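Inspection log for the structure reproduced underneath, given as structure tokens.
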Amino acid sequence: MDIFLQLLASGLLLGGIYVLVSVGLTLVFGVMKIVNFAHGDFLMLGMFGAFFLFQLLGVHPYVSMFIMALLLFALGIVFYKLIVGRTIGRPHVVQIFAFIGLSVALQNLALVLFSADFRGINMPLSSAVISLGPIHIGVPLLVAFLIAAVITVLLFLFLHYTYVGKAIRAASQDRFSATLMGVSNSKIYMLTFAIGIGLLGVAGSLLIPIYSVYPTVGEQFALIAFVVVVLGGLGSLPGAVIGGLLIGVIETLSSYFIAPSMKQLVYFTVFILILILRPNGLLGRPGDAEEAV
Amino acid sequence: MKRTTVYQLLGLLVALALPLVLGEQDFLLDTLIMMVLWAFIACSWNIVGGYGGMLSLGHAAFFGIGAYTSTILFVHYGISPWVGMLLGAVLAGLFGLFIGAVTLRLHGPFFTLCTIAVMEVLMIIAINWKSLTQGSSGIPVPYRPGVLNMMFDSKAAYFYLALALLALSYGFTRWMNRSHFGYYLIGVRENEQAAQALGISSIRVRLIAMVISSALTAMGGTFYAQYIGIIEPMHEFSFALSAQIALMAIIGGIGTAGGPIFGAVLITLLGTVLRSLLGGAQGGLQAVVYGVLLVLVVLFIPQGVVPWFRQLLAKRKGGTVRVDRAEPV
């Protein structure tokens, strides 16, 4: 029983990280109907940023969280102006492969600048553990989980109770009618994309005490984010939360009960099954996957 | 004779003569062989990705199935790779049929994500099923030259074999350009409902395209294994390989017969030139340039270089142009 509780706790905490990595992806898809295939590479930039802020300037990751969020927000605007904005409403091949080109360029730029080494930061925080009765919890994981919860709630409140948030949701529900109501789609898209990327600055900073960073680190996280977001329903924020927590628990349980090397097999199988049986995910809007969005 | 036919014959003659002219310049022949192999694979991808509009980013799965089937049969049981190539093609065709069948409802990015996931699953299986695949260290293919073993002393033989494979998929695409099947496939891509209303079984058309494309891609995998001499799951089932296959077709011009060939030539040349200019490391600066170029091409010449160039030529002559398609799916 203890071991089961421990696994459940670890799984939920891991799931919190997956939620954190996935909310930006689902937000961007929900509003812009674009799948950001370079999502993981922006996370990689966030992790490298937090790493260097700590290594060179001694900035604590929980401080650099705010700096990286702003930096990546700005980067999101730049890339929106340069690339993303030009793919809106274009055929899938343009949308998908513009992001893949961007992903290849970012990964290899990181390779040139930072080499392929694995880099992690070494601070007392990284190995701190709290014990709650029989359950042991890593502090950085717990912090990441709590901040993920706060961010998701804030994002939800922002989308539902602010004027800009309502405009974003309006644009995601019906871009044509939203335009008629005076919403500027291009501004909304730019803002959404920048928020989606900015959140990865937070995620990157929270991950750096836990995981090492290297140029292709984004690939694994991006694949998990796709699994999470498709499971929950592309474009659904509550879906990403449920999907993230589920995948975290599934991964932890299957590494323990089957084999650590099989955990990926398990969640990719879940992913494929969801795509086939319920392509709109648990909470997605019907028709998203069937229509050529 | 029509002008295109003349050009094709001329191209074929030049290609056939190349090894004779180059003699035993290994580096050049190596580049040429890989160029032709990628052209063949890109052409095969184009059947599904270009004509069918199903943007697969998991085609490495079929490539890997082809490579692993023939290699396992050859290494463990001494079965000729020629037989392995056919069996691999059948196996990959069946697998393509399966993927096609389960993804019938998925379009656009959802289909793409599913193909990636299926490929990842195969990669994990190939890494973990050690008794069959020797895990992540891969299987070395012992070098035993002989026509029966699809291994040759001279690079020219490999070149001609690759050329024959290319002729197979190019020929099929040319045939598609004027066959009912090709029109059905394009019809389904452009407007599935309308095509169905005309009595076209979109399911059948899509599945046939998947099977043929997968089987052809698998044949390329066998050739690759016999030529390179080692196969590894991290390469054979990789996203990078899948993306490269699709990119060649897209940069050249998807949905056209010649586009993928031109794209493969262009990308292979570009890779070689950039490597020699910017240093020999795997990845790195040349891949940055490659990524940026890709973004630029997709954004500004989304129809691909070949149709774009054709339009430019026609504009300069002031004539009209036969546009295969204005903008791809």
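For all residues, glycine too, the Cβ spot is worked out from N, Cα and C.
No curator has checked TrEMBL annotations; they are predicted automatically.
Packing against the transmembrane segment (B:33-53) from elsewhere in the chain are residues 15, 59, 63, 155, 158-159, 162-163, 165-166, 168-170, 172-173, 176, 182, 185-186, 188-190, 205-206, 209-210, 212-213, 216-217, 220, 223-224, 227, 244-246, 248-250, 252, 254-257, 259-261, 263-265, 267-269, 328-329: each is 6 or more residues past its ends and has a CB under 8 Å from a CB in it. Residues or ranges marked as transmembrane segment by TrEMBL: B:33-53 (among others).
According to TrEMBL, the transmembrane segment annotation covers B:60-79 (among others).
Per TrEMBL, the feature transmembrane segment maps to B:85-103 (among others). Nonlocal intrachain contacts for the transmembrane segment (B:85-103), taken as residues 6+ away from its ends with a CB within less than 8 angstroms of a stretch CB, comprise 54, 58, 61-62, 65-70, 73, 111, 114-115, 118, 150, 206-207, 209-219, 221-223.
The feature transmembrane segment is assigned by TrEMBL to B:110-129 (among others).
The transmembrane segment annotation in TrEMBL covers B:156-173 (among others). Long-range contacts of the transmembrane segment (B:156-173) within the same chain, counting only residues at least 6 positions beyond its ends with a Cβ under 8 Å from a Cβ of the stretch, are 12, 15-16, 18-20, 29, 32-33, 36-37, 39-40, 43-44, 46-47, 51, 150, 212, 216, 219-220, 223, 227, 257-258, 261.
Sequence-remote contacts of a segment are chain residues at least 6 beyond its ends whose Cβ falls under 8 Å from one of its Cβ atoms, and for the transmembrane segment (B:207-225) they are 37, 40-41, 43-45, 47-49, 51-52, 54, 59, 62-71, 81, 84-85, 88-97, 99-101, 141, 150, 158, 161-162, 165, 168-169, 172, 181, 185, 231, 236, 245. For B:207-225 (among others), the entry in TrEMBL reads transmembrane segment.
Positions annotated as transmembrane segment by TrEMBL: B:287-309 (among others).
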